[in-house]
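Here is the structure we will look at, set down as structure tokens.
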Amino acid sequence: MRQVWFSWIVGLFLCFFNVSSAAQYEPPATWENVDYKRTIDVSNAYISETIEITIKNIASEPATEYFTAFESGIFSKVSFFSAYFTNEATFLNSQLLANSTTAPGDDGESEIRYGIIQFPNAISPQEEVSLVIKSFYNTVGIPYPEHVGMSEEQHLLWETNRLPLSAYDTKKASFTLIGSSSFEEYHPPNDESLLGKANGNSFEFGPWEDIPRFSSNETLAIVYSHNAPLNQVVNLRRDIWLSHWASTIQFEEYYELTNKAAKLSKGFSRLELMKQIQTQNMRQTHFVTVLDMLLPEGATDHYFTDLVGLVSTSHAERDHFFIRPRFPIFGGWNYNFTVGWTNKLSDFLHVSSGSDEKFVASIPILNGPPDTVYDNVELSVFLPEGAEIFDIDSPVPFTNVSIETQKSYFDLNKGHVKLTFSYRNLISQVANGQVLIKYDYPKSSFFKKPLSIACYIFTALMGVFVLKTLNMNVTN
């Protein structure tokens, strides 16, 4: 099931993610949105948005680019976005731009940012095409109210634009919220045509007609039920060590985790917590008692530590590593911890065809708990001493990459080759994304380390032997 989901993510991340210099910019009015259906899913610790849209080229010349608009506040939280034709499974080239437009908003002028979608073939004048645009954001609603009791249900307040935010005029539009059992508008407008209505587990708006471009002056504030933790990893340091001699790959992850859920309205009570656990009957709560770490299959030698020391409240079951922190993590609480495990190297390393000295390492970008967002991720892969990297490929855009050496046990020369990727705004959906590292590891380097160690040991033993043969006695 994960592989099926990952195939979708791979296509999504293969899009370009370039950023150009910021400038005041306004896309040409080449298109008209014939039908604009927007859906926002609030069921997770992050927001996902799907726009099903039919567009028409109203210019006099063929067009190959379509611009999608973002509010500046949400633009900085984009984890990734993609687009594809409705009737095809081929993803289109997509990229985020730094170009911006100043448009009127609720509080004066607001800044509009852009993503660009490029078509493989030009769209002729008066021709229509249907697209699906997907965006995921490393953000979620804020707790409303900010403080709740341990047994009370949590609600979140989310603000977004009510009408389509687009660089083009829209003929017909609708908007649907999904992912919660209850929705309620906060300060609903007087205009009844803008009001939403509940429909089962969704909240629907529209349809609206003839909406001008950049209609962002109608803000929607929605309160919805979300009785689950909001796991946010502020910093994740992920170290992965490859050993050709031991045929193992070792993982170690250091988490700085916080729960963005509602804070306790009263002080913490262990007695009340035990009562809550006994009476909740497996009902989901807004605090964390157990973290389910999703690990690669075949993982062994698990361990779980925190700043105090080894934590024994954990157990592994197949590819799941269940860890129980020393204390429940309520809203606003933090917990720093380290987990580690070992896998067979053959599950992650492949020999290139044509040479037994060229290797391809396939490293998962993330492991860890589901439904989690990551602000900063540092992924370091330690290759054997003497390895030479000649190509890397990451399905997720990284902010920085560096190559250096770092000495470890029995490193007598330069040390392990350390390849470090830095990422921002990741979500748990990319857990199966693979970083590919192609490198050379010649036989001479493979045997150099044990031979060097053997030479040092031999030299030491010979030194001891020579010292023993010397007559160190003092005589007259």
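Here the Cβ of each residue, glycine as well, is placed from N, Cα and C on the backbone.
The feature signal peptide is assigned by Swiss-Prot to 1-22.
Annotation source Swiss-Prot lists N-linked glycosylation site at N18 (among others), citing sequence analysis.
Look at Swiss-Prot and you will find 23-449 tagged as topological domain 'Lumenal', backed by experimental evidence.
Marked as N-linked glycosylation site by Swiss-Prot on the basis of sequence analysis: N99 (among others). Cβ neighbours within 10 Å of N99 (N-linked glycosylation site), excluding its own Cβ and spanning all shown chains: 19.
Positions annotated as N-linked glycosylation site by Swiss-Prot: N217 (among others).
In the three-state DSSP classification, N336 (N-linked glycosylation site) falls within a strand. Look at Swiss-Prot and you will find N336 (among others) tagged as N-linked glycosylation site, backed by experimental evidence.
Note: N400 (N-linked glycosylation site) has non-local neighbours T420, F421, S422, i.e. same-chain residues 6+ apart with C-beta under 8 A of its own C-beta. In this structure, N400 (N-linked glycosylation site) is part of a beta strand by DSSP. Taken from Swiss-Prot, the feature N-linked glycosylation site applies to N400 (among others).
What Swiss-Prot lists as transmembrane segment is 450-470, and the listing cites experimental evidence.
Under the heading topological domain 'Cytoplasmic', Swiss-Prot lists 471-476. Mean per-residue pLDDT, taken over the topological domain 'Cytoplasmic' (471-476), amounts to 67.
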Simplified DSSP label at N99 (N-linked glycosylation site) comes out strand
Counting across all protein chains, other CB atoms within 10 angstroms of the CB of N336 (N-linked glycosylation site) number 13
For N99 (N-linked glycosylation site) and N336 (N-linked glycosylation site), determine the Cα separation and express it in whole Å.
38
